[in-house]
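Peer 1: The structure follows.
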Amino acid sequence: MGKNKLLHPSLVLLLLVLLPTDASVSGKPQYMVLVPSLLHTETTEKGCVLLSYLNETVTVSASLESVRGNRSLFTDLEAENDVLHCVAFAVPKSSSNEEVMFLTVQVKGPTQEFKKRTTVMVKNEDSLVFVQTDKSIYKPGQTVKFRVVSMDENFHPLNELIPLVYIQDPKGNRIAQWQSFQLEGGLKQFSFPLSSEPFQGSYKVVVQKKSGGRTEHPFTVEEFVLPKFEVQVTVPKIITILEEEMNVSVCGLYTYGKPVPGHVTVSICRKYSDASDCHGEDSQAFCEKFSGQLNSHGCFYQQVKTKVFQLKRKEYEMKLHTEAQIQEEGTVVELTGRQSSEITRTITKLSFVKVDSHFRQGIPFFGQVRLVDGKGVPIPNKVIFIRGNEANYYSNATTDEHGLVQFSINTTNVMGTSLTVRVNYKDRSPCYGYQWVSEEHEEAHHTAYLVFSPSKSFVHLEPMSHELPCGHTQTVQAHYILNGGTLLGLKKLSFYYLIMAKGGIVRTGTHGLLVKQEDMKGHFSISIPVKSDIAPVARLLIYAVLPTGDVIGDSAKYDVENCLANKVDLSFSPSQSLPASHAHLRVTAAPQSVCALRAVDQSVLLMKPDAELSASSVYNLLPEKDLTGFPGPLNDQDNEDCINRHNVYINGITYTPVSSTNEKDMYSFLEDMGLKAFTNSKIRKPKMCPQLQQYEMHGPEGLRVGFYESDVMGRGHARLVHVEEPHTETVRKYFPETWIWDLVVVNSAGVAEVGVTVPDTITEWKAGAFCLSEDAGLGISSTASLRAFQPFFVELTMPYSVIRGEAFTLKATVLNYLPKCIRVSVQLEASPAFLAVPVEKEQAPHCICANGRQTVSWAVTPKSLGNVNFTVSAEALESQELCGTEVPSVPEHGRKDTVIKPLLVEPEGLEKETTFNSLLCPSGGEVSEELSLKLPPNVVEESARASVSVLGDILGSAMQNTQNLLQMPYGCGEQNMVLFAPNIYVLDYLNETQQLTPEIKSKAIGYLNTGYQRQLNYKHYDGSYSTFGERYGRNQGNTWLTAFVLKTFAQARAYIFIDEAHITQALIWLSQRQKDNGCFRSSGSLLNNAIKGGVEDEVTLSAYITIALLEIPLTVTHPVVRNALFCLESAWKTAQEGDHGSHVYTKALLAYAFALAGNQDKRKEVLKSLNEEAVKKDNSVHWERPQKPKAPVGHFYEPQAPSAEVEMTSYVLLAYLTAQPAPTSEDLTSATNIVKWITKQQNAQGGFSSTQDTVVALHALSKYGAATFTRTGKAAQVTIQSSGTFSSKFQVDNNNRLLLQQVSLPELPGEYSMKVTGEGCVYLQTSLKYNILPEKEEFPFALGVQTLPQTCDEPKAHTSFQISLSVSYTGSRSASNMAIVDVKMVSGFIPLKPTVKMLERSNHVSRTEVSSNHVLIYLDKVSNQTLSLFFTVLQDVPVRDLKPAIVKVYDYYETDEFAIAEYNAPCSKDLGNA
């Protein structure tokens, strides 16, 4: 505070500079025009004009200037004196979405003229678009229903043209699209049926707007069974480290509102912050477990001592995780609920509730502070201490019953430009420890800065702490203090105020104050009706212009409830109803509103809660929820006169000017509002002349932008099966997950009545509506509920799917909510589709009393595939036999309840997939290809299914699947590169063909960034890379992989940041491995033997590295490249002179290396030699290894080509396409024939069989695609026809060339023809899937699988056993490449992860991975020495009559070398009874 003595004289100096020196200043004309600093095009904007102390008529004009010219916003506006006049204007659309322009305002009269020019930001107005799906999660085969809604920034509907909407699957495929459609009433509905075998995972609906913006909405596709009940876990949200106990409650509630009977198990854990799987549970968490029975209300309560969690220990998370499992009585169905409690060290906390943001010297500074405990509960009757050192203020006060204290600080003697108020309750704990958390009592502190006013006049808006509620009128108090000496004979002073919201001026007003020629002090109120136009944040500015030219003012920010003008209400009548009965849904909204209705089963919301449409989510769509400050380019330069830094001598006192950066002037208040001011009034404080370096603190920069948080469909119409006594028996078979999905229009009275039929599900239906009106805009209803319930019913418990022949237990539970006992008979209707045997020997009628239940079970073995219906009836019987002490009653209505539910039955055996690819180019004519789909003799009956995909781009499938190109695991440094490199080729290709969209670019760059980070995990300290990195004990870098990473990182620099050090280090490391003859030494172990077999090891590796260096690209004159080319040229010369020649693989690499180096002669020589060894068949060309292994016997279809052959053929293709200066027509003809063969080897994802072949082939295909791409307006027609009655047609053009169009083929086995006419090329991919029963055959691996124990004799064998594997290589080579052992789990079992992780301690195991039902084990290689591996599995869900599970071992790089074995659980026959 030592500067205070200097600051005071400086303020006096500033007053001398600004105060008028004679009365002639009185009445000087003042102009002020206020315009938002951000203007939106094609919408109404407002600017406000204030003219004061004028004695003549003036006109006001405004114009906007950009690089393309000037445009007048308004001209010759006549404004009255002392009246705040606001004028509306529109800004034309700009060619760029965001642009800085110059705004010029001119005020002109007979004797007065004022002109000022400043910058504003102009943004094109964009629509607000959201998507609503009927659910957030779907099963395969269900229909996705969704709506696209568009509004303006006032939430009024927009009937805009939407260029594109599409659905994208988890692999990135665009599986459906809708183009160029007009919204009606601001919305449009769509639907899309999912296939029976879709990819499971996260999908999204993408809306592409005309402006180029896009909106995405996610949904999930999974196989699931809806939960029957909710597990509600209640724990304290916060507990402090001092609490000794906590209360936990767990309740089970059915979706129809009744309590769940059953058993609960609760676990409360505090997890270790650095948990480990290797040292048991103690290294992971402190846990407390307990269990018990649910009471009659379905609840369980427990008081838990917190001592076990050691709340003050530091090494553990500051959270308690509570997990509760409820096991339903009878069915043994288990569902889980979770909650967490935050552990806080904060025992008490002080915070300012209301406090002035600035202080004005001489006006008391007000504040209100609240004291709460660690849970936020107010603490009354406690003494708190308040201090404001700059004002010499020290006080204490006692909190009231709400924990509040008010205070007021006299600011008369504050000498500085800031006032800091500190409030505390208790001092910090003196106890500190490295491992311990100490209690904390949080203080509150607030710094307020001085408001600059040379006139010593002020106006101040009272702060408000609460959110302003909709529909109310809020009163704001404005306090003022006026210095009589500045009024200069004025009789009435006008205070003007305006409100800004959503970035624009929305309201204005004036308050007149009669003044006297003396100092005045007082307050007045401003009334603000709270409506949607000022939500979600209102900024209020108040100001007055004094006769001296000084402007006094203040601004305040008020949070406003997210109001919507269209008030929507939704209600069911009745609110509870019987299944299949009639009900009414009543909607009220603004007249003529279009209302979108939705009602879903509460079970769906329990399965996956929705991101519900709400006022908050809609307001989050706004581009500007609040405008404050100026964007960086718009900060104005201060053109006013500055003060020199020389000392001033006045009346014997020397004054030293000091810069008061933090003082708040009127300009700062306007900047807080985001307003640009055109004025000749004094709104700025003086600033120092910039003679020396000075530092200024700028106000907030940038715009505050909010982001989105993220055909009428008929209602389901349930129908009762017609029986003679419809009230006696109910047959329930209609169980939709979405019940209502409708559009309705309310009438002129604002009401719509919708008649509905309640579905058969006994549950609670949750309904919602949003409505759009041209006048009132958007409205959203609160949730309405209808409970579908009947007091006596039967429900079925069964899994999502089962395997044919695998027995499962079907359970039927009869529930009686009648007040009396009933005697019930339960029957399962027989069917040829399954065999059912009662679990209980006797099927006698059961006695069920009030609120009771009875579960009846059958062991069911399905015999048919697909959806199999199960029909179960429960009937209340007339009987005189007592139930307990009473005679059973028979319900008057609904004495028999029948439920019909389907179950998906899947085929047994091992699934096989065969892919047939064709690239057909009609060139104005017609081309066709025959397709014969045959099935092997050992196919599982009814298991075959096939589909055809149609794409207009050769890379279409691959570019949508860059993260899923292989149907294999990605667990090492080389395999990671197949996630990385193809993105570069896709980006290059789309750039060159001008097809690159922002969406694809963004996605590909995202993959490049993550792949780059992941690849650095495999880097060594010396700059090299290896397959599993140093952390797996591979201490030597790998020459081949380092070259691969080097060239790919170098190529990725065009799209993402790559640290040059990684490139330099890898290049240096490689150059150190170059020998004197220019060839490279091999270093590190390669997992792929394809390039290290035979005498030409060194040449092949050297060719690969030379290619990598030239692709960086390094020039041929670079020393390392020059020497490497010498090595290759010498090797080629030797090969030509020798008898044995070169390996085909080596020649393919040499051809491409010479092509890259520009050595056309050598390229032609090698290609000529290769052409002599080419395999030519069916107008296609490829190359094979001379000693190609025999194809395994027993393949029904020719297997996919080996990885090495795809790779070498792709290198030849690259050599043809890299001719200098460009490929000739002969080169392209040869390339086309090669492409025909390569595309036939692609898998369903667009990749190939392994890593290198995928990377090189996609590189080659992208170059071929770019070389042959033509953008034509013509289209190709595709016809797929069977020899029977099936026929399907597609069209492929520029608009849908990247759309994956698909159709299922119904006739299997079958003969099909595929015909293409028109222009362009069409890529057709047929996928045939079927199951087979494994047969004994000769494999190149010996694979043995056993379980320990092998039999069911041991007591633990039901729930746990070991899997023991033995693997060796018996093929034609000395050892395999890297191999993967894939162990599928037996149904109902899961692996024990720590035992799987232990396998990595073996020298032969590089890595392990665990998925939901598979264990993957990576082996460096497999030789003829047997490897033994074992791990433990645990029972997760009981399943009877288990089918065997498959274990597969395969060579990662020669995928046609594999072996299959199967195993079963020791107790496979009777696990269902366990």
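Yeah, the Cβs are placed from backbone N, Cα and C, and that goes for glycine too.
So Swiss-Prot lists the following for this protein:
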{"type": "SIGNAL", "residues": "1-23", "note": "signal peptide"}
{"type": "DISULFID", "residues": "CYS48-CYS86", "note": "disulfide bond"}
{"type": "CARBOHYD", "residues": "ASN55", "note": "N-linked glycosylation site"}
{"type": "CARBOHYD", "residues": "ASN70", "note": "N-linked glycosylation site"}
{"type": "CARBOHYD", "residues": "ASN247", "note": "N-linked glycosylation site"}
{"type": "DISULFID", "residues": "CYS251-CYS299", "note": "disulfide bond"}
{"type": "DISULFID", "residues": "CYS269-CYS287", "note": "disulfide bond"}
{"type": "CARBOHYD", "residues": "ASN396", "note": "N-linked glycosylation site"}
{"type": "CARBOHYD", "residues": "ASN410", "note": "N-linked glycosylation site"}
{"type": "DISULFID", "residues": "CYS470-CYS563", "note": "disulfide bond"}
{"type": "DISULFID", "residues": "CYS595-CYS771", "note": "disulfide bond"}
{"type": "DISULFID", "residues": "CYS642-CYS689", "note": "disulfide bond"}
{"type": "REGION", "residues": "690-728", "note": "region 'Bait region'"}
{"type": "REGION", "residues": "704-709", "note": "region 'Inhibitory'"}
{"type": "REGION", "residues": "719-723", "note": "region 'Inhibitory'"}
{"type": "REGION", "residues": "730-735", "note": "region 'Inhibitory'"}
{"type": "DISULFID", "residues": "CYS821-CYS849", "note": "disulfide bond"}
{"type": "DISULFID", "residues": "CYS847-CYS883", "note": "disulfide bond"}
{"type": "CARBOHYD", "residues": "ASN869", "note": "N-linked glycosylation site"}
{"type": "DISULFID", "residues": "CYS921-CYS1321", "note": "disulfide bond"}
{"type": "CARBOHYD", "residues": "ASN991", "note": "N-linked glycosylation site"}
{"type": "DISULFID", "residues": "CYS1079-CYS1127", "note": "disulfide bond"}
{"type": "DISULFID", "residues": "CYS1352-CYS1467", "note": "disulfide bond"}
{"type": "CARBOHYD", "residues": "ASN1424", "note": "N-linked glycosylation site"}
Peer 1: Of the residues in the region 'Inhibitory' (730-735), how many are helix, strand and coil by DSSP?
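Peer 2: Here the numbers are 0 helix, 3 strand, 3 coil.
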Peer 1: Neighbour count first, Cβ atoms within 10 Å, every protein chain included; then name which of CYS86, CYS470, CYS1079 tops the list of disulfide-bonded residues.
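Peer 2: When each Cβ's neighbours within 10 Å are tallied, CYS1079 tops the list.
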Peer 1: Spatially, and counting Cα to Cα, which of the recorded positions is closest to CYS1127 (disulfide bond)? Options: ASN869, ASN1424, CYS1467.
Peer 2: ASN1424
Peer 1: Go through CYS771, CYS847, CYS1467, the listed disulfide-bonded residues, and name the one with the sparsest Cβ surroundings, counting other Cβ atoms within 10 Å.
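Peer 2: Ranked by other Cβ atoms within 10 Å, the disulfide-bonded residues CYS771, CYS847, CYS1467 bottom out at CYS847.
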Peer 1: Under a three-state reading of DSSP, tell me whether CYS1127 (disulfide bond) is helix, strand or coil.
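Peer 2: Looking at the DSSP assignment, CYS1127 (disulfide bond) belongs to a helix.
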Peer 1: Out of CYS299, CYS595, CYS821, CYS849, CYS921, point to the one nearest CYS1352 (disulfide bond) in space (Cα versus Cα); all of them are disulfide-bonded residues in the record.
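Peer 2: Going through CYS299, CYS595, CYS821, CYS849, CYS921 one by one, the Cα closest to that of CYS1352 (disulfide bond) is CYS299.
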Peer 1: Looking at the recorded positions ASN55, ASN247, CYS847, CYS849, CYS921, which ones sit with their CA no more than 10 Å from the CA of CYS1467 (disulfide bond)?
Peer 2: none
Peer 1: Would you mind pulling the DSSP three-state label for ASN991 (N-linked glycosylation site)?
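Peer 2: Where ASN991 (N-linked glycosylation site) sits, the three-state DSSP reduction gives helix.
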Peer 1: Tell me, what is the mean pLDDT of the region 'Bait region' (690-728)?
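Peer 2: On average, pLDDT over the region 'Bait region' (690-728) sits at 36.
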Peer 1: Can you tell me how many other Cβ atoms are located within 10 Å of the Cβ belonging to CYS287 (disulfide bond)?
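Peer 2: There are 17 such Cβ atoms around CYS287 (disulfide bond).
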Peer 1: Using C-alpha atoms, which one of the disulfide-bonded residues CYS251, CYS563, CYS595, CYS847 comes nearest to CYS48 (disulfide bond)?
Peer 2: CYS563
Peer 1: What does the structure give for the C-alpha distance between CYS821 (disulfide bond) and ASN410 (N-linked glycosylation site)? Integer Å is fine.
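Peer 2: Here the two Cα atoms lie 78 Å apart.
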Peer 1: Given the glycosylation sites ASN55, ASN70, ASN247, find the one whose Cα is closest in space to the Cα of CYS847 (disulfide bond).
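Peer 2: Smallest Cα separation from CYS847 (disulfide bond) among ASN55, ASN70, ASN247: ASN247.
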Peer 1: To the nearest whole angstrom, what is the C-alpha distance linking CYS287 (disulfide bond) and CYS595 (disulfide bond)?
Peer 2: 51
Peer 1: By CA-CA distance, flag whichever of CYS86, CYS251, ASN410, ASN869 among the recorded positions is nearest to CYS849 (disulfide bond).
Peer 2: CYS251
Peer 1: I need the nearest neighbour of CYS1079 (disulfide bond) among the disulfide-bonded residues CYS251, CYS299, CYS883, using C-alpha distances.
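Peer 2: Considering only the listed disulfide-bonded residues, the nearest one is CYS251.
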